[in-house]
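**Q** Could you have a look at this structure, given as C-alpha cells, before my questions?
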Amino acid sequence: MINHITDNQFKLVSKYQPSGDQPQAIEQLVDNIEGGEKAQILMGATGTGKTYTMSQVISKVNKPTLVIAHNKTLAGQLYGEFKEFFPENAVEYFVSYYDYYQPEAYVPSSDTYIEKDSSVNDEIDKLRHSATSALLERNDVIVVASVSCIYGLGSPKEYADSVVSLRPGLEISRDKLLNDLVDIQFERNDIDFQRGRFRVRGDVVEIFPASRDEHAFRVEFFGDEIDRIREVEALTGQVLGEVDHLAIFPATHFVTNDDHMEVAVAKIQAELEEQLAVFEKEGKLLEAQRLKQRTEYDIEMLREMGYTNGVENYSRHMDGRSEGEPPYTLLDFFPDDFLIMIDESHMTMGQIKGMYNGDRSRKEMLVNYGFRLPSALDNRPLRREEFESHVHQIVYVSATPGDYENEQTETVIEQIIRPTGLLDPEVEVRPTMGQIDDLLGEINARVEKNERTFITTLTKKMAEDLTDYFKEMGIKVKYMHSDIKTLERTEIIRDLRLGVFDVLVGINLLREGIDVPEVSLVAILDADKEGFLRNERGLIQTIGRAARNSEGHVIMYADTVTQSMQRAIDETARRRKIQMAYNEEHGIVPQTIKKEIRDLIAVTKAVAKEEDKEVDINSLNKQERKELVKKLEKQMQEAVEVLDFELAAQIRDMMLEVKALD
C-alpha cells in the first residue's frame, strides 16, 4: 500500500439535487459500500443520470475511485462530467497514449517481422503521469480510465521510491540533483524545454515535470543548499509563486534504481543463455542468432542509459516478479481500500476478459521465432481473475447488466425514473408483410411533426436497399455504416438533429454519441432474428434510443415473438409503468430533452470564408489550404485546452487530409 500525503474530502459541486429514484439509489449504494458489500449493480435506464448518481456516491463514501469505460470516447465524456462535478478534487484521465499503434509481430507464413511502430499523444502521456502522481500524493482522486488500466505499467514502489523530494534549506549539491534527475529518466536540454526535461543556468536548475504542460519549477542554490523553489510559466519564465515542497516524479513509469537494474540485467543475461541453449538444441540457429543480437543490444542500452526501446518486455526482471506473476498496473497505484465503478459493464467486462488471450498469441509468435525472450510473455494485461483479485469494492453500472455481473452479486439497485419525467417508449410488434410501406407511412407522420426516425437492419445490403428506396420515395435519409469515421459520424448525427435529413438507417445504432432527443421513432427490422443486436440486451439498448423524446415509440417488425423480444418488451413495459406511476403521483408532465446542437468548433466540414457556406477542400488553392491548416491548428489547440481530446484528434485527422493535398 502507498502512503498518501494529503487526506482531502471529495466536494461535489452541482446546481442539481437528486430527484426521481436517484435519492434511494444513492442511499442504497452508499449503505452497502459502508457495510462492506463487495459487489453491487446499479441498473440505470438510459437518461436517468447515472453519472450524477456515481458522483454522489463517490462524494459520500470518500474513497479513491477508479471508473472504467470501454473506449476512449466514453472515458473522455465521463472525465469531462466528473471534472465539472469535482472541480476542487483530483479528477484524472488514464487511457492508451497511442494516437497510432502497430504492435510488434511476426508472420511466419511470409517470414515478415513487423517492428513496433507508434505515435504517442503527448497530452495524454502527461495526463497518465498526472494520474499516477496524484494517487501517490492525495486520496481525493477519481481516475477515469479505459481498459488500458489493466496493462503493465511498472512497479508503483519503484516509482514512489524514485521520487526526488526537494524543499528550501535541503542540503544537496547542484550536481547531485542533476544526477538524481537523470536517474529518473529526465533529459537535460538547455534549449528545448519540454515535459520530462531540465535545464541548468549557473546555480539555477529549472525542472519541467512529466505531469505538467505549462508550469515548471525553478530551484535556486546557495552553495550546496537549496535557497528557494519557485513555480514559473515554462514558456515565459514568469514567476507564479514560491513552494515549500516539490516532489519530482519519474519521467517514465518503467523506472528502476541502479542496484535493481544490475540484478535485472543479470537475470536477462541468464535467461538469454538458457533460451539460446533451447534454440541450439532444437536446431533453430537463425532464431538463436537473432535473439542473441537483439537482447545483447538491449542489455547494453540498459547498462549505459537505464532504458531501451521495448523496456516493458523486460518488466518481469526489472520488477523482480516470478514467471507467470501478474504485472503491476494502474490498479496497484491505488490504496487497498479503493472503489471501482465499471461504466457500461455489459461491454467493459467482456473487454477485460478478452484482452489477455489476444496479447498472448501475438507474443508467443515473437518468442518462438527469437524476437523476444520468454519473459516478454509476462508484459501483458491482467487476466480477468487477476483483475478480480484487485477488487476491494465494485459497482457495475449498466442499463442492461451482463451475465457476468449478475453472477458476481444479487444486489441490484434500480434507477428507472428520469429527472425529465420521460417514459420508456411504447413498443409494438408488427408483421413483416408490407413492412416497408407501413414504415414509410410512419416516417411521413414523423416528418410532418419535425421529428426523426432511426431504422436498424441486420445486413449491409438491406440497409443500402432501404436507403435507396426511401430516397426514391422523397424521404431525406442517410445510411451510417461501420466504415464511417468518428468525425463523419458526428457530422451525420448533427445533420440529423438539424433536420438536414429525417431518417438514419444503420446496423449498429448502439455506438456512443448516438443519443438524439429529436428521434421519436425507432424501427427494428428482423427483430425475431436472434443474435448480438437482437438479444434481450441489444433490444433494450436499441429501444432506449427513443427514450429521450416524449413521443418515443418503437416498432419491431417480426413474424414471431422470440424470448429475447418478449423479455425486452416486458422489461420496457415494467419500467414504463413505474415511471408513469411516479409522474402521476408527483404531477410531472414528460418533456423532451432540450440538448444543444454543438457544432464541432465549426470545423466539421471545411472552414468557409462565409458563415454557413461549405467549401470543398479540393477546390482550395495552395495558399487557402495553408490558411486552413493554420486555423485548424489553432482550433485543435483550443480543443486540447478544454480537454476535448476526441475532438482534437478529429481536427488533427482533418488537418492531415488537407496537408496531404500538397
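Glycine too: its Cβ is placed from the backbone N, Cα and C atoms.
Heads up, here are the entries from Swiss-Prot:
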BINDING   Gly44, Ala45, Thr46, Gly47, Thr48, Gly49, Lys50, Thr51  ATP binding site
DOMAIN    31-188  domain 'Helicase ATP-binding'
DOMAIN    435-601  domain 'Helicase C-terminal'
DOMAIN    626-661  domain 'UVR'
MOTIF     97-120  motif 'Beta-hairpin'
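Relative to the rest of the structure, where do these features sit?
**A** A coil conformation is recorded for Thr48 (ATP binding site) in the three-state DSSP classification, outside any helix or strand. If you draw a 10 Å sphere around the CB of Thr48 (ATP binding site), it holds 26 other CB atoms from the protein chains shown.
Confidence for the domain 'UVR' (626-661), expressed as mean pLDDT, is 73.
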**Q** Neighbours of the ATP site Gly44, Ala45, Thr46, Gly47, Thr48, Gly49, Lys50, Thr51: Cβ within 8 Å of the Cβ centroid, same chain, sequence order.
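**A** After dropping the recorded site residues, what remains is Thr53, Ala399, Gln415, Arg418.
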**Q** Rank the binding-site residues Gly44, Gly47 by the number of other Cβ atoms within 10 Å of each Cβ, and give the residue at the low end.
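**A** Candidates: the binding-site residues Gly44, Gly47. Fewest Cβ atoms within 10 Å: Gly47.
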**Q** Far apart in sequence but close in space: which same-chain residues, 6 or more away, have a Cβ under 8 Å from Lys50 (ATP binding site)?
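**A** When sequence neighbours closer than 6 are ignored, Lys50 (ATP binding site) has Leu42, Gly44, Asp343, Val397, Gln415 within Cβ distance under 8 Å.
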**Q** Here the binding-site residues are Ala45, Gly49, Thr51; which one has the lowest number of other Cβ atoms no more than 10 Å from its Cβ?
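**A** Checked Ala45, Gly49, Thr51; of these binding-site residues, fewest Cβ neighbours within 10 Å: Thr51.
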